[in-house]
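Below: the structure, in structure tokens.
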């Protein structure tokens, strides 16, 4: 039940480590779906530059994340990987860091690799029945696949993925939205452009559907 | 499309074994935590909570090691609690593969610890666990207070106000256990569950007292919880997670199937 269909790739995969959060989960999920892949959690720019594929994760507050990304030179490392056409998967705050700007922490400029902004769900949200709509948006929600993309291969339309976030991405270019989710409002659950795929949910915590997406990533050639 | 209500099997772990007792006495053995976690993962549980109920310092290394093993084989969120007192305790568990940590007595002793933890690691991974007991009599307005040390020690702190304060301090979620109901199989204390759910802007997990599948539905619909936690009904094979989810869906609860 937890093993996706197909076989994982054997490339080297660098999981970028800038000290924000649990990278063990994403690395062990990759090892599970692609036992032949060489997965490295790394903060070395050389190692990132040499890897065939890159995972750009992140949790926590955006100000701290952006501070560490810039201090460690990962803004350049990620930008170089994007330009080089390497398959890149950004996860959660990794996705948010790719955008132009986030309103978290009083407003933080992000990498600006993808057009769009990061917005707060809001305080004291109410559902239609008058109950609190809880923030963070935490748990399993459905994702509508709005683009036919190799990373969705083998994943049923409207599958549920695990989310945990208080800020969401408002895409600047609707044609880049690969998956849409609804919580209080519609938001971008996945963005895709060329060799870049970025998700708000946690594929490493999303059971079969998430593992399938990670396995698809390990064999993806970086084209939409 | 809507967010699913979560079903969370809970593993109470004592010296490396899953146990479940009635009101924390009469403890029964329910197996190896890694095997139990894998079984729930296969069954489609939405998360797993691991509570180290020994949590003496000698046992801490065992817990970290077990968490590592679970996290490398179970690809759903994992919350770990029990005896967490320092930022270093949290860091070790997150590094071992926990997605969230649950803080209980340390928050009561030092509320600012929750602020520090949320600042350092993000609110999304800080769960505050509250053990509540009803202290009001049958004739007066309901009031619940928090108790520590497995429900033995009163604190005089109002449970609903405390939950709101903890959310304000950065708790990303509240794990609310009724000490009156825990282990009784008489169902959640729906009064305290609803009072807390209505008082906090963050998700609430209802815990303590599940004896049948209708109790899970009641916790969501009447208790207004975002997630329901149960142990013994799953551990001893009375019900499976898919059975619970089908039952809940038939009664109008959004679940992940």
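Quick reminder: no glycine exception, Cβ is built from N, Cα and C everywhere.
Positions annotated as domain 'Glutamine amidotransferase' by TrEMBL: A:15-217. Per TrEMBL, the feature active site, nucleophile maps to A:92. Taken from TrEMBL, the feature active site applies to A:202, A:204.
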Open item on the list: Can you check which residue among the active-site residues A:92, A:202, A:204 has the largest number of Cβ atoms within 10 Å of its own?
Closed with: A:204
TODO: Check the domain 'Glutamine amidotransferase' (A:15-217) for me and report the mean pLDDT.
DONE: 95
TODO: Work out how many Å separate residue A:92 (active site, nucleophile) and residue A:202 (active site) at their Cα atoms, rounded off.
DONE: 7
